């Protein structure tokens, strides 16, 4: 098993508490509205807390796929949320899981700084490859931007 770890940081004008609410507390309804590729988010096991598994159905390259998203930890007081992609058609065959450790911080002018550590764990002797890391980062950046744009466009939220 190989492990490829990288970190990323994004900034936004959206306040941390509001962004956290959209990304964690209301994610099941907000994400399909904000992220065009994601069609639905549904709980398949658990009560919404750590250990819960969610199925995200998405369209990628004209194909309907899904990934299984497992909640690892929720730290509302510190605006932290950890989860892993643990299965599904959207997970490459060589990947065991992709883990995300996320945290929001107060940014400039009332905005937010989002920090994430991503760990890609491969199966067997497969080696993590840089392209998978770049693709994961690009998807994460696009996801964050889509949520930001949704919140800016919906100030009543």
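Numbering starts at 1 and runs along the chain as displayed.
Note that Cβ sites are derived from N, Cα and C of the backbone, with glycine treated the same way.
When secondary structure is read from DSSP and collapsed to three states, residue 83 (trans-zeatin 1 binding site) falls in the strand class. A simple way to gauge crowding: the CB of residue 83 (trans-zeatin 1 binding site) has 22 other CB atoms within 10 angstroms, across all the protein chains here. What Swiss-Prot records for 8, 83 is trans-zeatin 1 binding site.
For 32, 35, 38, the entry in Swiss-Prot reads Ca(2+) binding site, with the evidence type similarity to another entry. Proximity of residue 32 (Ca(2+) binding site) to non-local residues of its own chain (separation of 6 or more, Cβ distance below 8 Å) is seen for 38, 39, 40, 41, given in sequence order. In this structure, residue 32 (Ca(2+) binding site) is part of a helix by DSSP.
Reduced to three states, the DSSP call for residue 60 (trans-zeatin 2 binding site) is strand. Here Swiss-Prot flags 60 as trans-zeatin 2 binding site, drawing on similarity to another entry.
Residues or ranges marked as trans-zeatin 3 binding site by Swiss-Prot: 69, 81. Residue 69 (trans-zeatin 3 binding site) falls within a strand segment according to DSSP.
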For the Ca(2+) site built from 32, 35, 38, further residues of that chain with CB within 8 A of the site's CB center: 31, 33, 34, 36, 37, 39, 40, 41, 56, 58, 146
Count of other CB atoms lying within 10 Å of the CB belonging to residue 81 (trans-zeatin 3 binding site): 22
Cα-nearest neighbour of residue 8 (trans-zeatin 1 binding site) within the listed binding-site residues, 35, 60, 69, 81: 81
For residue 69 (trans-zeatin 3 binding site), nearby residues of its own chain (Cβ under 8 Å, 6 or more apart in sequence): 41, 53, 54, 55, 56, 83, 84, 85, 86
